[in-house]
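*Asks:* Pasting a structure below so you can have a look.
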Amino acid sequence: MTWDYKYMYVLPLASLLTVLIAYSCIMMVRYCWKRAALKKKIKTKKDECREALERLAAGHQETDGQSQKSKILDLPMEKLLEKLISCEFNAVDVLRAYQQQALEVNTELNCVVEPIKEAEDLANECDNMRNRKDQHKRPLHGLPVSLKECYFLKGYDCTAGMSDYIGKPSEEDAVIVQVLRKQGAIPFVRTNIPQTMMTYECSNPIYGQTLNPHDRTRGPGGSSGGEGCIIGAKGSLLGFGSDIGGSIRIPCHMCGVCGLKPTYRRLSVKGTHELGQGQTLINATVGPMAQDVTSLVIAMKALLCDDMFDLDPTVPPIPFRTEIYEKTHTLKIGYYVFDGYLEAVPACKRAVMDAKTILENQGHKLIPFQVPDVQNVFTELYVRITFGDNVQMLLECLRNDIIDPTISLAVTNWSLPKCVQWLMSWVVSCVYNDDFVGKGIRSTCKTQNVYDWWKLAEKLQEYKKKFLSLWRSLELDALICPGFAFPAVPNGEVFNVLGGVTYTTLYNLLDYPAGTVPVTKVTKEDEAEMKDYPTRTRYERFIKKYFSEGTVGLPLGVQCVGLPYQEELVLRVMKMVENGAPFTVRTD
Ligand SMILES: CCCCCC/C=C\CCCCCCCC(=O)NCCO
């Protein structure tokens, strides 16, 4: 028998193949095993939160019906506080009324992540204080407040919708939470967020999707969507959100509530979950959200106190300047209805024009304002900075996670090799007939080294300088502009209209305080005007589709903007707009 040389390769090849198959099988099993473990981890967390809510609901069934409930829920925050401080109402009764209301609205809207179990003890402590008559010293005595899930709370997981953070409870409360407690407030529920908090569709694989209180087929906005929703549905009077691109203002606009994004560090950000805290050019801020402007003022007054300045010495010790808020002199206010990139829909433009009339009727001078270079500023500065690590940090956090469908397209794109992303970005630019997304994608892979980063920081400074000199040349005190480019977006569709964020991101980039106040609602006439909305680009076509029908009655806000550290002036403008347009929070 002779050895056939052609067989000399068979054995090694067969062995190699066997090893490859075995390796693939092992990897597959490992992947499936990891995936199953991940699903279990998420389910366990979900079950824990659901059970906590059920326990709270069961507790309420056992307690007697509350005669005072509707009396409590009908009061605006200012009046409720008066009754709590004067001991006309018990903190425990008020807490129970709001717990019940939150549970009720949550059944349909899914805005609450979990209840805060310490609330009951705090309420009892409040009621015990009345013997010592100490309650007068605490401006938020007995007030239940809701918190976006990203605030650290001792003993609670702070996940931002990412399973990597499940089972890692915070060791300490956020500074804001500590100060709120010292001032008498009772944190009572934690509210939902989008996965990563870097989009405005409020959905994640752990807690699910939150719906808009005015139309369940649409979203509440985000990322503080749970807050917008619970306050808009009257399940909370005061809540706290965070904002690096509009996350306080977008849900306020879409849910018909008020909110303030202060200048960075006017309030302490210590103890809040943020991806990429090493990025310090554009910073996330925290701020209050409420049913009316007076409640925001009460919250700011209470928070800007020595306790906050002691607990976080990076916060400038500037107490709330009531004299600025209460001044009555005539203001010069700029306004615009179009920022130069995506046309706001007619309803959102009208909201600004309504606010303009309201302010003019109060004697103020309004002049047109033109935002310089907004599209370029978004792609070349905002995206390049906020995703300046080539999105590494975000991808690392999501590496072993289940990705929510609302962000999966972005995450898939970012996971591709850079050269493929580069090619894709040009395809996208052509298909969309719009350079916004394409440029945005290219921007996330542009920064290579410290030199690039410094150049970017310089460009940001230049833009800030340009904007300020325009502001100064017009001698403005404040600005008003659309709360957003459109009202609440149909569920699952935010990605198709992402371009709307230029209206809000601008004021994060500039670090100007900006607040959103509801002004009006979409009318039939606004909708009819959508027939002339442009359809040149993909975003425009989607906007036309989503907002030409089914939007009547949706809330619309305007943004009021001031120079850095002028929160009191911004609140004054918001209050004046609110006075002329009493918007009642409505739930259908
Ligand atoms: C993970 C999905 C990202 C999609 C890519 C979007 C690029 C830019 C859009 C910015 C959108 C900003 C929305 C609001 C973010 C915000 O303010 N978050 C609060 C964090 O505290």
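Every residue gets a Cβ built from N, Cα and C, even glycine.
Please treat TrEMBL annotations as automatic predictions, because they have not gone through curation.
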*Asks:* Which of these, SER170, SER223, SER268, does TrEMBL list as part of the substrate site with MET197, ILE244, GLY245, GLY246, SER247?
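*Replies:* Site partner of MET197, ILE244, GLY245, GLY246, SER247 for substrate, according to TrEMBL: SER223.
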*Asks:* Based on the record's binding annotation for substrate (MET197, SER223, ILE244, GLY245, GLY246, SER247), what whole-number value in Å is the widest Cα to Cα distance?
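*Replies:* Greatest Cα separation within the listed binding residues comes to 11 Å.
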*Asks:* Sequence gap of 6 or more, Cβ distance under 8 Å: name the residues on the same chain that satisfy this around SER223 (substrate binding site), in order along the sequence.
*Replies:* LYS148, ILE193, PRO194, MET197, MET198, THR199, TYR200, CYS202, GLY241, SER242, SER247, PRO251
*Asks:* Find, for the listed binding-site residues MET197, ILE244, the residue with the lowest Cβ contact count at a 10 Å cut-off, counting only other Cβ atoms.
*Replies:* ILE244
*Asks:* Which residues, in sequence order, are found in the same chain with Cβ within 8 Å of the centroid defined by the Cβ atoms of MET197, SER223, ILE244, GLY245, GLY246, SER247 at the substrate site, excluding those residues themselves?
*Replies:* MET198, THR199, TYR200, GLY222, SER224, SER242, ASP243, ILE248, ILE250, ALA284
*Asks:* According to DSSP, does LYS148 (active site, charge relay system) sit in a helix, a strand, or coil?
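*Replies:* Strand, per DSSP.
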*Asks:* Using a 10 Å cut-off, grab the number of neighbouring Cβ atoms around the Cβ of SER247 (substrate binding site), all chains included.
*Replies:* 35
*Asks:* Just to verify: the residue among GLY245, GLY246 with the fewest other Cβ atoms within 10 Å, which of the binding-site residues is it?
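*Replies:* Least crowded of the binding-site residues GLY245, GLY246, by Cβ count within 10 Å, is GLY245.
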*Asks:* Tell me the Cβ neighbour count for LYS148 (active site, charge relay system), meaning other Cβ atoms within 10 Å of its Cβ, over all protein chains shown.
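*Replies:* Around the Cβ of LYS148 (active site, charge relay system), 31 other Cβ atoms lie within 10 Å.
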